[in-house]
Amino acid sequence: MTLIRRVAFLSLHTSPMEQPGSGDAGGMNVYVRALASALAASGVEVEIFTRSTSSGQPAVEHPDPGVCVHNVISGPPRKLPKEELPELLHSMVAEIERIRQRQPHGRYDLIHSHYWVSGVAGLELSRLWGVPLVHTMHTMAKVKNLLLQSGEKPEPRRREDGELRIVDGATRLIANTPAEAAELVSHYNADFDHIDVAPPGVDLTVFTPAFRPRSRAQLGVPAGKFHLLFAGRIQRLKGPQVLVKAAALLRSRRPDIDLQVTILGALSGAKDFDLKSLISAAGMDDVVTHHPPVNAPELAGWFRSADVVVMPSYSESFGLVALEAQACGTPVVATRVGGLSRAIFDGRTGLLVDGHKAADWADVLEALYDDPATRGDMGRAAALHAQGFGWQRTAAITLESYHAAVDQYIDSHRIPVGHSP
């Protein structure tokens with residue numbers, strides 16, 4: 001078995017150093033940094049390449065032992081819409097190669113790219129360096145376009161074509177769930193034998209259960225409130241509008257419920273999505289509070305303060321928020337889509353809802369309010385369920401995929417045994 005010593009991560013459109021829940025930063029940012037750290041703890045050096053978005057950024061950052069982040073200078077020193085990044089691909093590839101040439105070691109055993117822009121760059125770097133490419137989609141254009149919401153632009157054909165090239169050219173693909181692996185096969189004609197399933201993890205040292213009344217007191221959530229929490233980017237695809245409408249309906253039919261809804265996150269995507277106006281139109285200004293995204297320890301506190309975490313997403317490759325909330329001992333109500341069906345044990349650690357009708361969501365939330373004993377049982381089961389999703393497990397499965405990729409690459413390129421690719 002070839003020893004994997006050094007891996008190049010490509011996360012060009014968003015940095016793992018960014019705060020999740022704003023702009024293009026979300027679960028993938030958490031995934032990239034946490035996986036890199038877990039791999040490093042297993043003895044694999046990880047160097048992450050991401051596009052620099054500020055003239056004040058250092059060239060290299062060291063967030064964790066064995067992990068470094070290269071801020072690649074390409075294009076203007078500011079954040080750009082994802083749609084503009086393909087124009088910078090050749091520039092980014094050239095700059096990454098210049099960085100590699102300046103490194104004392106000068107080589108990587110493998111490339112692991114994240115999201116389609118990085119995957120297209122990874123194809124070129126794989127050819128240039130003579131090493132295998134492993135790719136994780138995180139989201140897919142064809143799947144997103146099937147679930148397109150009113151007012152949202154479809155993913156461009158250029159992205160679909162890029163993803164098809166990646167599926168055809170990558171040595172191996174890593175999916176978050178069996179459902180995602182099936183989507184790769186059905187929508188992109190991927191070879192099932194070249195796909196590995198590695199569920200994301202959760203930081204079990206940060207996201208832990210705690211005494212709920214204490215968490216509420218620390219955040220100013222009154223003891224008698226039925227507290228519903230949404231955490232994520234503010235966009236139609238994540239469904240905060242579904243929660244607002246369901247909460248308004250619940251309030252109208254059950255005025256005896258002392259309701260509080262907290263939304264954590266920042267606007268992402270369509271600029272015409274006005275959450276504040278939606279809240280006002282629903283008559284929920286006195287019930288719904290909106291806060292900017294917070295760091296992981298603070299987020300854990302918010303999860304512990306909630307009676308229920310609500311995820312009315314239209315699409316999720318996995319749904320890290322669901323796992324993090326459960327690790328804190330809080331049940332999750334989510335849409336029965338994508339990876340959420342795997343992240344949540346329906347009926348045991350939370351509930352899955354079919355569709356996005358406000359009445360259906362209000363029914364489920366009302367039933368949980370009326371049954372605090374079941375909420376408590378679900379919370380305890382949720383914390384136990386999440387224990388099976390540590391990042392070291394994800395890293396171990398990913399490392400197996402890397403070894404398979406190297407063996408496959410050596411075999412397909414007829415590299416003599418004993419020589420690294």
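Note: Cβ is positioned from N, Cα and C throughout, glycine not excepted.
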If I go by Swiss-Prot, which of Thr289, Thr330 binds Mg(2+) at the same site as Phe303, Arg304, Ala306?
Thr330
So Swiss-Prot lists Gln19, Pro20, Gly27, Arg233, Lys238, Glu316, Glu324 for UDP-N-acetyl-alpha-D-glucosamine; which of Val46, Val261, Val288, Val294 goes with them?
Val294
Checking your reading of the structure: which of the binding-site residues His13, Tyr115, Arg159, Lys238, Glu324 lie inside a 10 Å Cα sphere centred on Thr330 (Mg(2+) binding site)?
Glu324
Compare all C-alpha positions of Gln19, Pro20, Gly27, Arg233, Lys238, Val294, Glu316, Glu324, the record's UDP-N-acetyl-alpha-D-glucosamine binders, and send over the largest distance in angstrom.
21
Inter-residue Cα distance where the pair is Glu324 (UDP-N-acetyl-alpha-D-glucosamine binding site) and Ala306 (Mg(2+) binding site), in Å
13
Cβ-Cβ distance under 8 Å to Asn29 (1D-myo-inositol 3-phosphate binding site), same chain, at least six residues away
Ser11, Thr14, Ser15, Pro16, Glu18, Pro20
